[in-house]
């Protein structure tokens, strides 16, 4: 048999020609208009969003938020950096897609028939309803029939405009509204509570989070049923970005990452309590300033605001608090626990906070390493409340009922079962008030959300006041001091004592740049 002589040069040339011929059909690479190829060639995923407590926010200069976290993971999935552009309202977001300034919109946007005519939706990941809001103490409308443009204002590009138009044509011909081209939904809700506006419309999740900081905002009525939330990208013949998004969300769903992120941002519950929230925020103003140094001093592995939320749940920041079961002090420690921690006076606020932190750290150290880092605190808090042994039972019960014992979202749903005989009778450590542990952790999360948002709001107000002061009394050179056109500064320069100096860092704050590199 004649041996074949292989012409490697010919094979190489043939393979090169074949690759060139097939290159345009390769889904993620190739032609210039392939979106994934363009993103990877650029080395960054451009995402436009809006600034809300849920979608995108910052604490101490560090970005966070449901949509931000998902977008960051998607950028990592593609092997590129994330570039976030923050816009003022929804209309500006879609302008970014239209003008080619964004690859994706990740901003809690609702899927609807009008939007999908012009833009490509991605997978849906939670749902909301649109609700009419008003200020507590003002007139609550029970229907839209008589609302006028002087009363009702909505944000530009808001999905509810289509619903309002349909309602006007089919049910309420007298209905009218105004669109404010300069404000987003959060700013309009602020206008409502400040008495500048009677009503606006926002989605149910945004309202729930807003109420944690502004409990005087109330829901008048639902405008729509539940609507799915999704991301949007340009609509054209290129489906590579859509395919990558689908693969990404499927992978996140299968490995439980999506459920964990949603639990982190949406798992605080929607059972808003006006009186409780208002009472808490009043305590933030009246009591927290005296306790803040202690929380900051002893908070080590956790944020001091979370520690403050724990202490409020325990005692409402009352160092003398005592329960019928004998627990006492700011962190409501038992006598035995206090003795084991070397605490001599449970009613001493500093001793109690220090001891409570050490006890919580002990619980944290016992949580299995398999539990994700950002969920360990919730397991530890449940153990802090009902005992670590019962937390082990809750994890075991979760595994037996086909849940994930390392997922707080799964375990917390089983906590109430620990007080039901058909379940606790089969567990190692028996009966526990699991429903109380569930409520305990959920309340702490709500207080933390309220505290973080409220302090941010206070900081924003202080910054705005300082900026206004800077505008009213602009900086001048020392040689100008004393001249009549600056009488206020002249007064300051002539004061021999107790004079006021304004550091530029106090007068001016860095404005949030629209584009943030992450």
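Every residue gets a Cβ built from N, Cα and C, even glycine.
Over in Swiss-Prot, the protein carries these features:
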ACT_SITE  314  active site
REGION    22-269  region 'Non-LT domain'
REGION    270-518  region 'LT domain'
SIGNAL    1-21  signal peptide
Segment confidence, the region 'Non-LT domain' (22-269), expressed as mean pLDDT: 91
Long-range Cβ environment of residue 314 (active site), under 8 Å and at least 6 residues apart: 321, 330, 331, 332, 356
DSSP-derived structure type at residue 314 (active site), helix or strand or else coil: helix
